[in-house]
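Following: one structure in structure tokens, then a few remarks.
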Amino acid sequence: MARFTVWDYVVFAAMLLISAIIGIYYAFAGGTQKTSKDFLMAGRSMSALPVALSLTASFMSAVTVLGTPAEIYRYGAVFCIFAITYALVVLCSAEIFLPVFYKLGITSTYEYLELRFNKYLRLCGTVLFIIQTTLYTGIVIYAPALALNQVTGFDLWGAVVATGVVCTFYCTLGGLKAVVWTDVFQVGIMVAGFSSVIIRAVVVQEGIGRIVNDSYHGGRLNFWDFDPNPLQRHTFWTIVIGGTFTWTGIYGVNQSQVQRYIACKNRFHAKLSLYINLVGLWAILVCATLCGLALYSIYKDCDPWMNNEVSALDQLMPYLVLDIMRDFPGVPGLFVASAYSGTLSTVSSSINALAAVTVEDLIKPYFKSLSERKLSWISMGMSLFYGGVCIAMAAVASLLGALLQAALSIFGMVGGPLLGLFALGILCSFANGIGAFVGLVSGFVISLWVGIGSQIYPPLPERTKPLYLSTAGCNISTGNLTSTEIPLTTIFSTPGAERPALADNWYSLSYLYFSTLGTLVTVVVGIIISLLTGGLKQNTDPKFLLTKEDFLSNFSRSETEQPEKVEVLNWKPFTVADEGTDNPAFSHIEMDVASDKSKVNGLHTS
């Protein structure tokens, strides 16, 4: 197999250099970052298109570039049903959560929880968010670096340190504007990387018809599986229902996404950014699907994974690129640059978020005499600090081994209960602090129980339905047909332990339903407890709820001319106003662990 050439390194370095230059430009453009609001919220001046592309970049981490094609290769194109899911997610986020967040002028979702419920849990959530984000970001930097290193020979720690340093550099200098505009550039690189693979694969296979034909006969075009069984990993229902809850937890209430569309100049642009982003999500899904089908068409008779040429499925894409692009110097570098562009967009948003949450939730409320200029400098210092922490966490992630998957899954389980918490606040006027807190804890315990159980006792193949892979056309010199990945069962359970009764029903629940379960338990328990503890007697300010006016007047022309209104609202509740203007807990992560604990009580509701 070919290895990386000088030209590949040149292309990769050019991507990092341009990202850094964008940071330098926004550090000095537009009068520099004079206030923390400029640094953390881009002065609330962003328009829809760059924000939409930035949201798409955050969605497209290296996991998407490397993992989604491998998923389709192994399990088939049923994954495409996510196209329906994304549409529902954008609709829910734009029509339910965005109107409330935008009219309050908040930048942190925790701020809403304090206004609606209680400030102590906002603080608790912030601390959890910081811990979870630093851990996750370390994994996000390290995992793709490892996959690419093992296949391409691309220097592991060189890539980890380079991406960490460049991210820290442009986040510290340019703030949110630099994050958004580098994301725009990185989306272009990611699409170029995907496109180069698709075009070359079509040429190699002498037309897209052959790829589709091979995929059809190999059972990969399994789009419509209407099995209602919630234990099946991917069916139409698990993807549409479970996927909608899972991704609404990210797009609707995750700090990263909320912060960026709230940074738009007015609500019309904020809403438009989400709908444009939907087109981006569909385009990425189509690219990833075509790459996955091309992978199958090319390796249908000799699977590199079964043949022990790669040790994990996420190494298949770089393996394919080196295989079919060996005569095109620089193109493998473009693909690696596209994978790392996903990492950069994730890490930069995490660093920005961590800095923002620290300044807004942990510094500003307790040091009220600090000037805006000083807060701006502190924000930059925090970006620098967290950049270093994230690189250090990548080193820690390298020691975690097979615990990585467990850590990511456990973090993901937090999204459902949090979504339930925000849904309670926005949709149920009688929900009170006690109900929200008990609901959140209940939802969290249930989703953690099923989630950890599924890690200890992974679902059996009849639940996950992996498709057939062949090595019939290989020159098999190695008889080892197993992956080098360490199964999680060896970590959590004793050898030879029998699977309990729960393992093949409760613990085999589709991973997409973890979030759904957490959301529904949180909402149902929250409603019951609120009603039992006098929730109907409280007076909740309508501005904290989704009203008919919010829902119906979303795209009225007058909306596009009201950026000032948001500013005024920002300063209305003076007890939280300072925090309300520039607090971006900005993380690209699927886990709002932070807001997780920011739950509860009715300080501003009565």
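Using N, Cα and C of the backbone, Cβ positions are placed for all residues, glycine too.
TrEMBL lists 6-28, 48-66, 72-102, 123-144, 156-176, 234-253, 274-299, 334-357, 377-400, 406-427, 434-457, 511-533 (among others) with the feature transmembrane segment.
Under the criterion of 3 or more C-beta pairs below 8 Å, with sequence separation of 6 or more, the transmembrane segment (156-176) and the transmembrane segment (434-457) do not qualify as touching, having fewer than 3 such pairs.
Among the listed stretches 6-28, 234-253, 377-400, 434-457, the one sharing the most Cβ pairs under 8 Å with the transmembrane segment (72-102) is 234-253. In terms of C-beta pairs under 8 Å, the stretch of 123-144, 274-299, 377-400, 434-457, 511-533 lying closest in packing to the transmembrane segment (234-253) is 511-533. Beyond its flanks by at least six residues, the transmembrane segment (511-533) meets 230, 233-234, 238-239, 241-243, 245-246, 249, 409, 412-417, 419-421, 423-424, 428, 430-432, 434-436, 438-440, 442-444, 446-447, 450-451, 454 of its own chain at Cβ-Cβ distances under 8 Å.
For the transmembrane segment (6-28), the residues of the chain that approach it from at least six positions outside its boundaries are 152, 154, 162-163, 166, 169-175, 177-178, 181-182, 185-186, 189, 329-334, 336-337, 340-341, 344, judged by C-beta separation under 8 angstroms.
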